[in-house]
Amino acid sequence: MSNLRLLISDSYDPWFNLAVEECIFREMTTQKILFLWRNAETVVIGQSQNPWKECNTRRMEQDGIRLARRSSGGGAVFHDLGNSCFTFMAGKPGYDKTVSTGIILQALAQLGITATASGRNDLVIDTAEGVRKISGSAYRETQDRGFHHGTLLLNADLNRLADYLNPDPKKLQAKGITSVRSRVANLAEFKADISHHQVCDAITQAFFDHYGEMAKAEIISPDVYPDLPDFAAQFAKQSSWQWNFGKAPAFSHLLNERFVWGGVDIFFDVEKGAICRAQIFTDSLSPAPLQRLAEMLVGCTYRSEALANCCDALIVQYPEQAAELTELRQWLLETIK
């Protein structure tokens with residue numbers, strides 16, 4: 001049996017691909033594994049990130065962009081079919097992320113592209129305009145195994161990074177960066193005819209060359225669940241609101257708006273995706289419905305639909321304030337996504 005394993009996904013579903021990755025990682029033996037894949041339009045966040053802070057969730061919902069939480073750390077990234085994704089897995093002591101980084105750099109060299117590793121998890125290219133990032137990575141280790149996964153920007157729609165990601169201004173300032181868009185680059189700028197299949201072939205060849213052996217590719221089809229232990233359960237988890245949103249760290253959120261009938265300040269404390277405390281302050285001449293709303297919100301999931309349902313119930317209880325509460329409902333629907 002080969003010491004290597006190569007898997008290639010034909011699915012563009014981020015939840016499907018991340019479930020495949022997780023199941024392979026759980027069941028892996030002593031083989032060195034390479035998994036190649038890509039996602040349709042998705043924002044992928046790190047295991048411990050807060051999507052409401054990191055992403056423009058309202059814009060994502062409007063545009064049909066999925067949110068996917070991965071099992072590794074690191075920051076939020078936007079994927080489309082202009083990205084190629086790779087995952088290297090190995091048992092310890094054979095796991096070494098510098099080896100997998102070297103394989104990616106060698107693959108790029110085969111394509112005529114000279115890149116270097118920078119910082120903890122980036123691959124960059126030196127240009128006349130400065131250093132440009134073309135790849136980002138994240139890592140995960142357990143006691144006996146580890147994986148390194150990342151993306152390569154081929155011809156991604158870089159303008160959409162700003163549409164869906166909320167970059168931390170302190171992080172940008174600390175790195176001396178003016179914007180996310182200005183520091184990233186597509187590989188197509190350096191090799192105009194580059195394609196996902198070219199990149200996959202180059203990474204595969206560099207993988208085989210490094211270890212001095214080959215393995216037949218296993219194609220993962222989106223039409224049939226792969227023969228992986230507990231895949232259906234893992235796919236259901238990766239697809240769930242509870243995993244992608246509800247696993248966010250505890251946080252607080254303040255919303256405020258001025259309506260014709262009065263100003264409203266709403267304070268939320270959210271844990272595990274559910275509202276655990278709500279306070280509403282208003283100068284409305286009829287505050288009773290809003291005081292009741294604060295009570296009703298406790299225990300609701302932090303989703304616009306759940307808050308809208310509370311408002312619907314409130315309108316039934318306070319029909320004389322239906323116009324004001326309908327306006328409040330619409331505002332909450334637009335503000336919380």
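Backbone N, Cα and C atoms are what each Cβ position is placed from, and that goes for glycine too.
The domain 'BPL/LPL catalytic' feature in Swiss-Prot is assigned to 28-215; the stated evidence is sequence analysis. Marked as ATP binding site by Swiss-Prot on the basis of sequence analysis: ARG70, GLY75, ALA76, VAL77, PHE78, LYS133. If you look up Swiss-Prot, you'll see LYS133 marked as (R)-lipoate binding site.
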Checklist entry - Just counting, how many other CB atoms are there within 10 A of the CB of VAL77 (ATP binding site)? => result 22
Checklist entry - Tell me which residues of the chain lie with their Cβ under 8 angstroms from that of ALA76 (ATP binding site), as long as they are six or more apart in sequence? => result VAL43, VAL44, ILE45, GLY46, GLN49, GLU54, CYS55, LEU165
Item to check | Cβ-Cβ distance under 8 Å to GLY75 (ATP binding site), same chain, at least six residues away | outcome: ILE45, GLY46, GLN49, GLU54, GLY136
Next on the checklist: Can you give me the same-chain residues 6 or more apart in sequence from ARG70 (ATP binding site) with a CB-CB distance under 8 Å?
Outcome noted: LEU18, VAL44, ILE45, GLY46, GLN47, ALA138, HIS149
Checklist entry - Around PHE78 (ATP binding site), which residues of its chain at least 6 apart sit with Cβ under 8 Å of its Cβ? => result GLU41, THR42, VAL43, VAL44, ALA156, ARG160, LEU161, TYR164, LEU165
